[in-house]
Every structure is written in C-alpha cells, then in structure tokens.
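K.L.:
Have a look at the structure that comes next, please.
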Amino acid sequence: MAELQMLLEEEIPSGKRALIESYQNLTRVADYCENNYIQATDKRKALEETKAYTTQSLASVAYQINALANNVLQLLDIQASQLRRMESSINHISQTVDIHKEKVARREIGILTTNKNTSRTHKIIAPANMERPVRYIRKPIDYTVLDDVGHGVKWLKAKHGNNQPARTGTLSRTNPPTQKPPSPPVSGRGTLGRNTPYKTLEPVKPPTVPNDYMTSPARLGSQHSPGRTASLNQRPRTHSGSSGGSGSRENSGSSSIGIPIAVPTPSPPTAGPAAPGAAPGSQYGTMTRQISRHNSTTSSTSSGGYRRTPSVAAQFSAQPHVNGGPLYSQNSISVAPPPPPMPQLTPQIPLTGFVARVQENIADSPTPPPPPPPDDIPMFDDSPPPPPPPPVDYEDEEAAVVQYSDPYADGDPAWAPKNYIEKVVAIYDYTKDKDDELSFKEGAIIYVIKKNDDGWFEGVCNRVTGLFPGNYVESIMHYTD
C-alpha cells in the first residue's frame, strides 16, 4: 500500500514535470541551434554541434518517458493484485453468508419437527410364545416319481405299452460272481482286517499251472541265464488268459492295483547243461508282479539304446517266460505300462468292493492261449542298435592337420590389409547367412583384423571383408611346423 501511495504522490508527478521541462528545453535548444548555424562562419562545425545537442536531447526525453512508463505499469500491477485480494475476500464473505443462511434454515426446519424419544433395548429379543417343535414323520421314498420323466418314456411306452406300469429303478443288480478274486494267503498284514467294520473277502488259493504250459525239455537249455529269466512276458491288462507258466488271472486283474501276489511256478528243470552263473532254484519259487514288471523294463531298456513306445497295435513277440517256459508271440492292444516301482515287498492287502468285482468280471472272460512261435524267432524283439563308429586315431599327427597350400607364405598379397592381428586357415566350409559375413572353403587363407567378444572374427579373404565364426578357423602358426 505504501508503494502504491509513493508512486501516485511522488514518482509519477515528478516524471510528468521532467517531461514538461524537457519539452521547454528542447524548444530553447532548437532556437539556439538555428541562430548559431546562421551566424557561424564555419557551417560544418555548427552542424556538428547541432547534431550533438539533438542526440542528447532525444536521449534525455526517451529516458524520462521510459521511467514514467515503468512507474505506470508497476502501478497497474499493484492495483490488479489488490483487486484479486478483494475478490477473494468477497468470495469468502459470500461463502460465509451462505453457510450462515444454511444453518439458520436448518434451525428453522428443526423447530418445525417433533422430538422422537427412542428407548434403548436389546437387539435380540426372545419370543414371548415358544413355538412347539414339529415332530419328524418319516415318509417312504417313492421310486416311481421320475419314471415318466426323460427321453426314455417314449421307448418304454412303445415297447411295453401305455397301460403297463413303468419300471421302478434305474440300476440292474447283476448276479454275484461264482469265484472270488485272488487274495494273498495272509490278510492280517494289510490295513483292513476282520475286526474292522469293512468286511474283506476270503482268501483263495491261487490256481495251479496247467499241464499245457509246463516247460518243455527242448527249450530248457537256452533259458537258464538270469538275464533272460528276469525279462518277464508283460501281458496287457485287457487279457486275462495265462501266459507261459503263470496260467492265472492274476496277470490281468491284479496288475491294475499293483498288489504283489505270489504265483506258484514249477521248479527249474535239472536236465540240460546250466549256464555259468545261473540263478539257483530259489529264484524261481515265487515272483511278485511288481518285481517282474521292474525286471522286464530294465532288461528291455538295457539290451538296446532305444525303447520302442507301445502303440495301439503293439506286438509282444519272442520273450522268454519267467520260469523257463516256452516262448509265445501275441499281438494285442496294449497300454503304456506305468513307471516301474521299487522292487520291495509291500503289505499284501485283499481286494474288496468294486475292485474285486471288476477283477472277477475281467478274469471270468478267458482268452485262448496263443500258439507257440517257431523256433527260429529271436529271443528279444528289439535288437540292440549298431555300435558307434570307432574314434578317430589321432596318434598320427598328419590325420589332424588340415591339408592346405599357402600361396602367400613368402609374402602377403596385394589385397591383404596392412595391419592385421593374425593369419588363419579355414578348417571347415562356411556359407554366409547374412550380407556382412564371409563364405569360404576348407583351407582358405583369411587375414583377421578384429576379434569380437562374442566369438566372431572380422577378416579379409580374397578381397572381401566380413565376419566369420572364430571356431571355423585355426591360426596358421599351428601348421607351419
């Protein structure tokens, strides 16, 4: 505020007075210069003096005008800021008035209303009259309610007539199987016992080996080695017929559960010469399915480097039996076997419930035994792959040297760079993949001018500069001996 008052009272009026004085001085200076130019003998000197007065007078007037204009602009800025402050204060006052009016209006509205007395009570109030509990009445289940619902109504009415009552029930109960599924002789080791609420099936002795599949004396000599005895005939799960000396349904039903079940097999024959290191007779006594599966997997994978994956029409042919029985070939639809479990004895759990019924249903559909193959079929279906080629003998130094002729041994050619790192020879053929690469044949001479950190070199070969892999060349110093 003081600055505004000083501008209005002092600076701006003084600027006006200075301009008026300059105006009067300019009039007097003009009269003097005119008289001096007329009366002076030296006109040039008088003209120069007139120019000097004119320049000084104009500069003085321009300075005074500039000072007065700055003072006026500063005055306008101060007044504009004061106007903004006044506007803000006026807006604040108007908002305060509006708030006061709203308070007064609410107070007046509150006067017109009546007070409501609320009594505080508990949120949960017990009912005054307790409801009597409804007695439960058991209603019999009507199984015929949904008989006329669904797409089978038309078929039933067309077949049995509209007057016949519809069938009650949707599941047909089949007759119990005539035989129980094979169970291990000792069931106390499992997690389910007789004293548990879930009843188990009675153990049944495993079936004996039929006489048709006994080991023949003609094939005893070629099946005494432990490696061939361990490779079992892995039967698919869809067949329940016996294979070789097993002759039981345990090969089909129990394979889906993975429970080891002992299978009695004939003792190994003593006729024929035994191979050195043959397994003793105790190894042929009992073999579980898990161990046989593990042995068949390991023997088939260790004989060759590749294992043929089972397909929809896989062929099992020419595998020796577990106990030295005859060889059989069977074409069947197979499923990929699960990974071989660890060869350890697990508690034998009897099969109960749905699994046992499914096993009996599968086992009750026997399949005819497969015919024996001719004697000239090999023992294993997958022959081992050919051995890898022998390694190259590098004892002779000439075998490892790339044969090349260096036409630039005496001196570098004209297209060779003046400054290069080393001179290398190509040990492989290389065809460029990009435009900035080199293409060369084995034995080409290349002058390296730069080595990159990524293994690529930059060099010159036959007047062409480009990049090439560093592992395709060798330093020429290695071959100068």
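A Cβ is built for glycine as well, from the same backbone N, Cα and C atoms used for every other residue.
Just lifted these from Swiss-Prot, have a look:
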COMPBIAS  161-175  compositional bias 'Polar residues'
COMPBIAS  222-235  compositional bias 'Polar residues'
COMPBIAS  248-258  compositional bias 'Low complexity'
COMPBIAS  272-282  compositional bias 'Low complexity'
DOMAIN    45-107  domain 't-SNARE coiled-coil homology'
DOMAIN    419-478  domain 'SH3'
MOD_RES   Tyr53  phosphotyrosine
MOD_RES   Thr174  phosphothreonine
MOD_RES   Thr178  phosphothreonine
MOD_RES   Ser187  phosphoserine
MOD_RES   Thr215  phosphothreonine
MOD_RES   Ser216  phosphoserine
MOD_RES   Ser222  phosphoserine
MOD_RES   Ser225  phosphoserine
MOD_RES   Ser292  phosphoserine
MOD_RES   Ser296  phosphoserine
MOD_RES   Tyr428  phosphotyrosine
MOD_RES   Thr480  phosphothreonine
REGION    18-79  region 'Required for binding to WASF1'
REGION    158-285  region 'Disordered'
REGION    318-348  region 'Disordered'
REGION    361-392  region 'Disordered'
K.L.:
If you count Cβ atoms within 10 Å of the Cβ of Tyr428 (phosphotyrosine), leaving out that atom itself, what do you get?
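P.N.:
Excluding its own Cβ, the number within 10 Å is 13.
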K.L.:
Cα of Tyr53 (phosphotyrosine) to Cα of Tyr428 (phosphotyrosine): how many Å, rounded?
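P.N.:
Distance (Cα to Cα, whole Å): 97 Å.
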K.L.:
Translate the DSSP assignment of Tyr428 (phosphotyrosine) into the three-state scheme.
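P.N.:
It is coil.
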K.L.:
Can you break down the domain 't-SNARE coiled-coil homology' (45-107) into helix, strand and coil residue counts using DSSP?
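P.N.:
The domain 't-SNARE coiled-coil homology' (45-107) comes out at 63 helix, 0 strand, 0 coil.
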K.L.:
Within 10 Å of the Cβ of Tyr53 (phosphotyrosine), how many other Cβ atoms can you find? Include all protein chains, please.
P.N.:
15
K.L.:
Tell me the residue counts in helix, strand and coil for the domain 'SH3' (419-478), as DSSP assigns them.
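P.N.:
Secondary-structure composition of the domain 'SH3' (419-478): 6 helix, 30 strand, 24 coil.
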